[in-house]
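Structure first, then comments.
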Amino acid sequence: MMTDLKQSHSVRLNDGPFMPVLGFGTYAPDHTPKSQAAEATKVAIDVGFRHIDSAYLYQNEEEVGQAIWEKIADGTVKREEIFYTIKLWATFFRAELVHPALERSLKKLGPDYVDLFIIHVPFAMKPGKELLPKDASGEIILETVELCDTWEALEKCKEAGLTRSIGVSNFNHKLLELILNKPGLKYKPTCNQVECHPYLNQSKLLEFCKSKDIVLVAYSALGSQRDPQWVDPDCPHLLEEPILKSIAKKHSGSPGQVALRYQLQRGVVVLAKSFSQERIKENFQIFDFELTPEDMKAIDGLNRNLRYDKLQFAANHPYFPFSEEY
């Protein structure tokens, strides 16, 4: 993926559509009122975001969809200007559950198609109504579903016109190869959405994805929201990093803007997540400055392979993605 950031704010996916290089993430911890997701999405569209990232797991698809439709109804945007992503959750990986899961999400959202439908994590969980099905001892119940079967079901969703593109999330290079080497593959993943920030810069995975014409999409690009359900609260705060602060000062910006701009200049599509009106505006203002090669090198040097979202509960699953180097 290469794009001239001065000329274009989007990148062409390997199956044709364009994806805006800066997206708005809609995940929020359980204690956040769902109405905030709707309000924040409307603010994001007002300030210029056209790439909206949601998921069944976030349990706010209806609110986010409603916000998008309100902005279409008031003339701020047209549907074709919005790039909307949703994700297949781990309890729906069996092939026969994929199409109904997407249709359910579409019903909540209102549109008759999404722009991108991605496998949220590579490991499956026991099907059912629970987001995180647990056994009597409180352990999450995982199951093994062949990823290639799930992928084939996504291909059928694309062929049925329910989604324009299909992709994956939280895959390592070996899991990507599993899909890429699938006999009878019709469509390869357009993207791999992973945790990516200066403390975990994913340089090897980025090179691998570029070599396969797969776009790397960064989540937790500003560090993490530190939801205790997923993240160790003792992890260092990325935006307190002195090197990011000094580079930000030089460019009259914020550490968050530097962290986002860093990804764009590496050829990574980046998601920014905030429910604060001021921060949403600030996060969009990353197209009017450029980091120098020295800045980029200094930020590269911050990598410490620090993963905020470890998904440790799935460590023994055969498709657990984080036991490989990349």
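If you go along the chain as it appears here, the first residue is 1 and each next one adds 1.
Every residue, even glycine, has its Cβ placed from backbone N, Cα and C.
Look at Swiss-Prot and you will find 25-27, Asp53, 169-170, Gln193, 271-283 tagged as NADP(+) binding site, backed by similarity to another entry. Cβ neighbours of Gly25 (NADP(+) binding site) (same chain, under 8 Å, six or more residues apart in sequence): Asp53, Tyr219, Leu271, Ala272, Lys273.
If you look up Swiss-Prot, you'll see Leu57 marked as site 'Important for substrate specificity'. Listed in sequence order, the residues of the same chain lying 6 or more apart from Leu57 (site 'Important for substrate specificity') and placing their CB within less than 8 Å of its CB are Tyr27, Lys87, Trp89, His120, Leu131. Annotation note: Leu57 (site 'Important for substrate specificity') sits in a helical segment as assigned by DSSP.
Here the Cβ of Tyr58 (active site, proton donor) has 19 other Cβ atoms within 10 Å, regardless of which shown protein chain they belong to. Annotated active site, proton donor per Swiss-Prot: Tyr58, in sequence order.
What Swiss-Prot records for Lys87 is site 'Lowers pKa of active site Tyr'. Look at Lys87 (site 'Lowers pKa of active site Tyr'): DSSP puts it in a strand.
Taken from Swiss-Prot, the feature substrate binding site covers His120. Around the Cβ of His120 (substrate binding site), a 10 Å sphere holds 18 further Cβ atoms from the protein chains shown.
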Among Lys87, Lys273, Arg279 [recorded positions], residue with fewest other Cβ within 10 Å: Arg279
Binding-site residues compared (Asp53, Glu282) - the one with the fewest other Cβ atoms within 10 Å: Glu282
Cα distance (Å, whole number) from Tyr58 (active site, proton donor) to Arg279 (NADP(+) binding site): 21
Candidate with the highest Cβ count within 10 Å, taken from the binding-site residues Gln193, Ser276: Gln193
